[in-house]
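Asks: Below you will find the structure I want to go over with you.
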Amino acid sequence: MSWQQRIDQALDARRAARALRTRTALHGLPAGRIGYQGRRWLNFSGNDYLGLSHHPAVIRGWQQGADEYGVGSAGSGHVTGYAPAHQQLEAELAQWLGYPRALLFISGFAANQAVIHALMAKDDRILADRLAHASLLEAAALSPAGLRRFTHNDPASLGRLLEKPLSGQQLVITEGVFSMDGDQAPLAEIARHSQRPDTLLMIDDAHGAGATGPQGRGSCALAGIHPDILVVTFGKAFGVSGAAVLCSEALADYLLQFARHLIYSTAMPPAQAVALQAALGVIRSPEGDALRGHLDEHIDYFRAASAGLPLTRGDSHTAIQPLITGDNARALTIAARLRERGLWVTAIRPPTVPPGTARLRITLTAAHTRRDIDTLLEGLAHVCQ
Ligand SMILES: *Cc1c(COP(=O)(O)O)cnc(C)c1O
């Protein structure tokens, strides 16, 4: 088969399954809106849970950072790309989350790949939740360690796998809040099972950090656990982008030696680190508490009011509120009809989610108003008739 045939065949298969992915160039606007071709939509698909992507203090932080440092880091952190802004942000994150060290990465995807590739060796075993994010599962599959996936959110399934004999070390991986279902992992029980001399626990809290827990410290603070490795990302509730790995002194020093995603990649722009310091400032402050309170009210309201819709709901108490259609075509049709009514809701289809569980992945944010949520509920009731 030629390259051309191979590529055409793969695209044709995606089209036939109504699973072809395309992108739309959208203009992010304040207050949970997006612009497209001169029109405005209510955005119920973003991950900007606190509305910080347009917060004046965060924008000002980026501008002041650019004035002070220029727009780029001009190198890997190991060469000349590590600035006082990075150092200060790492120190603040470590203090906020109660770890000796934090290391910045340009994305959550890179952080997950880096940690897993740097740690795992041939005789080791990774035990990951079956529904863990693609960045985790892909790194695990590509690592020299064995990969076993435990039943979603089932500590007993994890416990059985942990007991199986092996000669190397084990790494347990799960998420605080699952990105496509919005459900939360039973972190206390998972941490209890993972308390073994041969095991490290890694929690990816991309959707929990900033959005939940005391001072916005996320799912682990909420559950009262302290995993060996905590990954937080800044493209969601922080409203910016980037990520950090929180860990011990020794593990941070180890990652600085062996994490190729840090060593051979340009560091995050220092101006972005200044913006992230501003976002963290909001998240930790009483204003952050108010934004989380507002978001929680929206979540409760939406859950109560969406119970009557003829779509399957997940068991989510977070900002991610999926409505399962099952069928790809139905998800696409509902999304298109909502769009006609000024509501931007993206249909998520396999392979991002398991086969037969296509869905509307609705996300609520503190930037929405009660009236916006009512508009969404009216739209859903209308198009699902
Ligand atoms: C979004 C996400 C990531 C990737 O983070 P980026 O910073 O967007 O690369 C990793 N893990 C989970 C669970 C996510 O939802």
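Counting starts with 1 at the first residue shown.
Using the three backbone atoms N, Cα and C, a Cβ is placed for every residue, glycine included.
Nobody curates TrEMBL annotations by hand; they come from automatic prediction.
For R21, H133, T352, the entry in TrEMBL reads substrate binding site. TrEMBL lists 40-379 with the feature domain 'Aminotransferase class I/classII large'. The pyridoxal 5'-phosphate binding site annotation in TrEMBL covers G108, F109, S179, H207, T233. Look at TrEMBL and you will find K236 tagged as N6-(pyridoxal phosphate)lysine.
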Asks: With H, G and I counted as helix, E and B as strand and the rest as coil, say where DSSP puts T233 (pyridoxal 5'-phosphate binding site).
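Replies: Assignment for T233 (pyridoxal 5'-phosphate binding site) reads strand.
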Asks: Which binding-site residues out of G108, F109, H133, S179, T233, T352 lie by ligand 1, going by a Cβ under 6 Å?
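Replies: Those binding-site residues that pass the cut-off, since their Cβ is under 6 Å from ligand 1, are G108, F109, H133, S179, T233.
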Asks: Could you state the whole-number distance in Å separating the C-alpha atoms of F109 (pyridoxal 5'-phosphate binding site) and K236 (N6-(pyridoxal phosphate)lysine)?
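Replies: About 13 Å separate the Cα atoms of these two residues.
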Asks: Using C-alpha atoms only, work out the spacing between H133 (substrate binding site) and S179 (pyridoxal 5'-phosphate binding site) and round it to an integer in Å.
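Replies: Distance between the two Cα atoms comes out at 7 Å.
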Asks: Can you tell me how far the Cα of S179 (pyridoxal 5'-phosphate binding site) sits from the Cα of T352 (substrate binding site), in Å?
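Replies: Here the two Cα atoms are 10 Å apart.
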Asks: Among the recorded positions listed here (R21, H133, H207, K236), identify the one with the smallest other-Cβ count within 10 Å.
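Replies: R21, out of the recorded positions R21, H133, H207, K236, has the fewest neighbouring Cβ atoms within 10 Å.
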Asks: So what's the average pLDDT for the domain 'Aminotransferase class I/classII large' (40-379)?
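Replies: 97, rounded to a whole number.
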